[in-house]
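One structure is given here, and the rest of the page talks about it.
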Amino acid sequence: MAEGNVFACHSTEGWRSKLQEAIDTKRLVAVDFTATWCGPCRVIGPVFVELSKKFPEIFFLKVDVDELRDVAQEWDVEAMPTFIFIKDGKAVDKVVGAKKDDLERKVAALAAAATTTEATLPAQA
């Protein structure tokens, strides 16, 4: 299920499938670890959706920590919201808390870095 360009993962299998898809396509992943009872999560959620529209080259995923506890534990999520940025299956950065400016800056910087890196890679023969 998607809201904007954000895909909500409702199963561990779905999570792993989406993460693998991002790895296979060499895309940066932005994950919103959230909870339905978390007030700040509800405030920052629409910002995450807007960022997904602004940066379609990034894979945006949403994980409810109560629904997918194993995934939250695997990524050491201790507070909500936590935004983790993943490249090639490894965490490269994160933002903890509903910090709109920090989140927007981080996504923009990582998107620019990903674009620059891809542009400077030699072409595959």
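Placement of Cβ uses the backbone N, Cα and C atoms for every residue, glycine included.
Taken from Swiss-Prot, the feature active site, nucleophile applies to Cys38 (among others), supported by similarity to another entry. Under DSSP, Cys38 (active site, nucleophile) is assigned to coil, being neither helix nor strand in the three-state scheme. For Cys38 (active site, nucleophile), other Cβ atoms within 10 Å of its Cβ number 19.
Per Swiss-Prot, active site, nucleophile is recorded for Cys41 (among others), and the stated evidence type is similarity to another entry. Of all the Cβ atoms in the protein chains shown, 21 others lie within 10 Å of the Cβ of Cys41 (active site, nucleophile).
Here Swiss-Prot flags Cys38-Cys41 as disulfide bond, drawing on sequence analysis.
According to Swiss-Prot, the domain 'Thioredoxin' annotation covers 2-112, on the basis of sequence analysis. In the domain 'Thioredoxin' (2-112), helix, strand and coil residues by DSSP number 48 helix, 31 strand, 32 coil.
Close to Asp32 (site 'Deprotonates C-terminal active site Cys') in the fold, though at least 6 residues off in sequence, lie Val6, Cys41, Ile44, Gly45, Phe48, Phe60, Leu61, Lys62, Val63, Pro81, Phe83, each with a CB less than 8 Å from its CB. Taken from Swiss-Prot, the feature site 'Deprotonates C-terminal active site Cys' covers Asp32.
Residue environment of Gly39 (site 'Contributes to redox potential value') contains 10 other Cβ atoms, counted within 10 Å of its Cβ in all protein chains. Marked as site 'Contributes to redox potential value' by Swiss-Prot: Gly39 (among others).
Listed in sequence order, Met80, Pro81, Gly97, Ala98 are the same-chain residues at least 6 apart in sequence whose CB falls under 8 Å from the CB of Pro40 (site 'Contributes to redox potential value'). Here Swiss-Prot flags Pro40 (among others) as site 'Contributes to redox potential value'.
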